[in-house]
Amino acid sequence: MAYFVDQFVNGLTLGAVYGLIAIGYTMVYGIIGMINFAHGELFMIGAFISLIVLLLLAQLGVASVPVAILITLVLSAAFTALWGYVVERIAYRPLRGAMRLAPLISAIGMSILLQSFVQLVQGAGQKSLAPMITGRVVVGELDGQPVEIAVVRIVIIAVTLVLMTAFSLFVARTSFGRAQRACEQDQKMAKLLGINVDRVISLTFVSGAVLAAVAGLLYTVYYGSIDFFIGFLAGLKAFTAAVLGGIGSLPGAMLGGLLIGLIEVFWAGYATAEYKDVAVFAILVLVLLFRPTGLLGRAVVEKV
Amino acid sequence: MKMSAKKALAGVCMLALLAGATAARADVTIALGIPATGGQIAALGAQAKLGAETAVAAINAKGGINGEKIDLQIADDQCDPKNAVSAANQVVSRGIKFVLGHLCSGASIAASDVYNDEGVLMLTASATAPDLTERGHPLVFRANGRDDQQGSVGGKFIAEKFKDKRIAIVDDKQVYGQGLAREAGKVLAAAGIKPVYVGTINAGERDYSALVSRLKDEKVDVVYFGGYHTELGLIVRQARQAGLDTRFIGADGIAANEFWSVAGEGGAGTLFTFSADAKDKPSAQEAYAELKKGGEPDNFAFYYYAAAQTLAKAIADAGKDPEKVAEKLKSESFDTIVGTFRFDAKGDLVDPEYVVFEWRDGKYAPTKL
């Protein structure tokens, strides 16, 4: 039982990171009906910016871990948001109204561009960060054994929960959220009613990038080893999570992320680590076969 | 001084050229396959050359091979398989029957195909890829450890020091790591130790928390890990985060500073096998004094010195027929400056010497366990 709890927490941690990235995919899809394949790269850039800021802060003598992480969070989110804005501005906006395939190909090009850029300026090797948050807390007892959870895992899960809640409220309650949902439903109508659609789409990319930056920071602090290629697999898994939960659905992305994390860890923990990615993607295939709209997705009515 | 030595050498070369056929017939010519040019790796080639030349000079000073002097000729492969093939063809066209080298694994494998077809015997003292001797070439020998032989050394160490502990074996499913884990497992099985967990990981991933929880659940004390520092660094980091103080034992793939920067302080106590330092051996001191005249020698110089000794001894005993020399190499043992060499049926060194090192404070040193 303790083993189960242990693996469950492992899965939650991993799933939290996937969920944060998945929100970016699902929101962009919701508003312009396009898969932003460069989103995984924004996560990677967020991780790199976090690492650079953390190392700089350590150089400057910022000894308090929470302060360092908070400053990094703000800076990484700001810079990654800028990247998100620029990517949308130069790679997608000029293609608005073009055939559906054009922005998709542009996205793949952007993904390769960002990867190669980071590879060139940062080198292809792994960059590492010594463990910052150590220690564990005992949360209870099972079978006479104490159940411990690493503090860093609690931080990751807590940050993710807070962010997801805040973000859901943001979309549900604020005027930007309303404008965003309006654009999702009918862009032309929204424009007629005086909503600046381009601005809303830009902001959607920016908020997705902010969440990806947070995921990048958590990833860097937890694993302590990043390279220019981490965005690829993490992006693919997060995309799978978004589709599993129902692409376009915000709670779906969160649920999908958690499920993917749990499937991966339980597969590796109870079966074999060898085929865990196969398990994840097999589930994606099954969901698409039997429930094409995903777990929480609504059936899309084709507008004629 | 240097100048005159060079002039003298040039003179000797001229004489050798003039003497031509007659000299070649009287001498034993051995080629040395190394990267003599071409970037950073040429520095290692220079070490091998230093070792082989010093050994040949010492043997020639004592009368050579049954009275015949050894003539060492460089075959430059630039550590590149393609160049190694053309270097090997040149060796063959010059009628040379014995080769020391090549230095690099890839170049050695490529060149060995040529040598095998043409009946040339080769003895490397640095190529570690198991593949070199796995393809059944009867004239290929290696005077150093194979990647996977370290596994049995690691296994033996566990069997001796951690006999009553709960052992696990984990590898990364790649040629190097799998070979290590398989050999370690064999030794443990022979010692009657049954691992409580045997598993694999996917190289290149970041999240090994499932493995860590598994090790925790099985209450594993010692893990033999076949793989590289990138993955082990992450595993150790995640293990320490989860409160697991298992000891990890790997091989020379762990001898990289990046291991410490990812694992952090939790990496302390991690063990790995690595080649013994030849400098400290009493048997090598006389040669060390000679080698030092050509600059500070490293292990490559010592091992190529030893390989040259071995080859010279085998030719002295068996004559100049490569096949007879090969039989000799496989049937006898050879005393060299770095220890006694014996070769198995594949041409690999039996029981290459490895030392167990331990990580502590960001550095590694031979373990005191």
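Easy rule for this one: first residue shown is 1, then count along the chain.
Yeah, the Cβs are placed from backbone N, Cα and C, and that goes for glycine too.
Note: TrEMBL annotation is automatic and uncurated.
Per TrEMBL, the range carrying the annotation transmembrane segment out of A:98-118, A:224-244 is A:98-118. Contact check: the transmembrane segment (A:150-172) against the transmembrane segment (A:12-35) gives at least three Cβ pairs closer than 8 Å, residues 6 or more apart, which meets the contact criterion. Non-local neighbours of the transmembrane segment (A:200-222) in the same chain are 13, 16-17, 20-21, 23-25, 27-28, 31-32, 36, 39, 42-51, 54, 69, 72-73, 76-77, 79-81, 83-85, 87-89, 93, 129, 132-133, 152-153, 155-156, 159-160, 163, 167, 170, 176, 179-180, 183, 190, 230, 234; each lies 6+ residues outside the stretch with a CB under 8 Å from one of its CB atoms. Long-range contacts of the transmembrane segment (A:98-118) within the same chain, counting only residues at least 6 positions beyond its ends with a Cβ under 8 Å from a Cβ of the stretch, are 32-38, 40-42, 44-45, 48, 83, 87, 91-92, 228-229, 231-232, 235. Same-chain neighbours of the transmembrane segment (A:42-61): 21, 24, 68-69, 71-72, 75-77, 79-80, 83-84, 87, 114-115, 118, 122, 127, 129, 132, 208-209, 212-217, 219-221, 226, 228-231, 234-235, 238, counting only residues six or more beyond its ends whose CB sits under 8 Å from a CB of the stretch.
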